[in-house]
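Here is the structure we will look at.
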Amino acid sequence: MSGNTHVSQSGPPLVQLRKVRKVYGTGQAAVHALKGIDLTIHAGEFVAIMGSSGSGKSTTMNILGCLDTPTSGSYLLQGVDVGALTRDQRALLRRYFLGFVFQGFNLLHRTTALENVELPLIYRSMPGGARRRLAAEALKSVGLEGRESHSPGELSGGQQQRVAIARAIVTHPKLLLADEPTGNLDSVTSREIMELLTALNRERGLTIVMVTHDVETAAFARRCIRFRDGLIVDGQPPERKPS
Amino acid sequence: MIRQNIRMAIRTIRRNVLRSALTILGIVIGVAAVITLVTLGEGATAQVASEISSLGSNRLDVRPGQAHRGPGGVRSEADPLEAEDARAIAREVGGVEAVAPVASMSAQAIHGSRNRSTTVTGTTRGFLQVRNWPLADGRTFSEAEERSGKAVCLLGTTVRKELFGSSEAVGAWIRLGKLSCRVIGVLESKGQSSFGADQDDVVLIPLRTFQRRLAGNTDVQAIYVSVKEGISTQKVKEQITELMRERRRISADKEDDFHVMDMQEITKALTGSTQVMTALLGAVAAVSLIVGGIGIMNIMLVSVTERTREIGIRLAIGAMERDVLTQFLVEAVVLSIFGGITGIALGLVTAAIAASVLGLPFIFNAGIVGTAFLFSAAVGIAFGFFPAKQAARLDPIEALRRE
């Protein structure tokens, strides 16, 4: 991690999971998705989460994204105990501190790229002029200048994911959560998207947590965490393969 | 934020023009029905009122029983009026032009082989003056005929036509039930009243004759009074009330057991029935508005299901429950307001056309238009709330997983 100048080891960590358990259902049918995990992520890190399906990585992402809360244990985001917050308070955390990038892009159909990127700013009650300017800047920063008025249907998969990334970063979040961001893309496009994320991490110090199945994709991250059966089994950075 | 919501709603609605149009159809029809019916109802009421006031604004009616019972109200507990009351009013109240005590019953009028079931009214000469009703032929009752209760009668044109056809009526004899009486005059035609009743279907006989030979009592059902021009009807009304209280020996702490209606009250009583009609039709229309609201609720529920993923995205990027709630509520309200405005336009056009066909005045009522507008918005809120709440309560994780 010595190469990453943005990682801040001083002060409270950005993300702190302590003995987090998550149980779905009750009694005989109870599913123990997470069996007590501890995880600390500092501002400026780029973390990959790997593991087979059912290993607990998606549950962890949902908890990190304040979409779900632990059954027991605590999740501190910037020192705030997320487990103690109401649904609306968690929505506000997402609004002001988090950005999401999904495997399936999750853009609004029949809505232009610019409007998709404006969406999080609308919920921040930003006036129209400033909103459009910031959204256009964000699109430019992901290399989609001139595509503002295209709708998702008129864009390629890689371009759609760039719009999604622009939507996630337009609010300058503290933490970007990417759930298999290259899962629907071919290898060339995947590489481009990963280079974009790496650049955002390097140049802006954007903290990224990314779930992936793909070792090559995970190799772009600074640290790799492996999940198995609801537990973290390996927190060491993966070996970088020569490209 | 609300402006964003409205723009978003309009865009969503425009995306599905046909579906949106079908959704608001119920509201459109409901609102159009309310506007049309109320506008036409008011036109009819206004026409009746203007016809009544054209009879002269100087008329007062005295009736036994308390006022504000509406037509057909129960008045049985009050003593009937007497012929002497009418004479007293004529004698003692200043500013009175003419007075006519009136008692009526239905009876069979027979002449030769012809007969007609009609209304026989016992009254005095004053009746023609108060009703402003000239004679077409013959003469009216003389004072002597009234005093002695002679068997003479005046025919309305309908009765004259039925009994005599084209032959001469004046001087002939007809039978009213068991009473045989001589026709001394024929009234001019008054035509139908605003309520469709044939005013010419009537036989007038002297009140005393009516009481002695037909009714068998001395009851008077009403006293019509006309007030001289330039004299305040209000003042005359007060004087009559005072006189009648005295005559009926009503102590100061008791309420009147009779009432004096002026033109306004008569109008109110007569237009009451059209108002009841208007209210009933309005209720029917309100039901169709509710049905329209259910249509909106149905489509909004479908919309929420279709757009689950969109809701998930919005929740993930930081929409609070109330943001999603507002979004869908605004959409429902925008839909229903579209329906309301379309319905108002349609209703006004329909009412204008129908009014000109029916020969009624077209009266634009801003109040009912405003009410219809607010009502349609309220329908949107009421029926949009449940689907919007469903949307707002979605679990973002579940919603994002949905295809």
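Even glycines carry a Cβ here, placed using N, Cα and C.
Here is what TrEMBL says about this protein:
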DOMAIN    B:20-242  domain 'MacB-like periplasmic core'
DOMAIN    B:283-396  domain 'ABC3 transporter permease C-terminal'
REGION    B:59-79  region 'Disordered'
TRANSMEM  B:21-40  transmembrane segment
TRANSMEM  B:279-304  transmembrane segment
TRANSMEM  B:324-357  transmembrane segment
TRANSMEM  B:363-386  transmembrane segment
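By the count of Cβ pairs under 8 Å, the stretch nearest in packing to the transmembrane segment (B:279-304) among B:21-40, B:324-357, B:363-386 is B:21-40. Sequence-distant contacts of the transmembrane segment (B:324-357), counting only residues of its own chain at least 6 positions beyond either end whose CB sits under 8 Å from a CB of the stretch, comprise 1-2, 5-6, 8-10, 12-13, 20, 23-36, 39-40, 43, 292-293, 296-297, 299-300, 303-304, 311, 314-315, 364, 369, 372-373, 375-377, 379-381, 383-385, 387-389, 391-392, 394. Counting only same-chain residues 6+ beyond the ends of the transmembrane segment (B:363-386), those with a CB under 8 A from a CB of the stretch are 27, 30-31, 34-35, 38-39, 42-43, 46, 286, 289-290, 292-294, 296-297, 300-301, 328-329, 331-337, 339-341, 343-344, 347-348. Note on the domain 'ABC3 transporter permease C-terminal' (B:283-396): DSSP counts are 99 helix, 0 strand, 15 coil.
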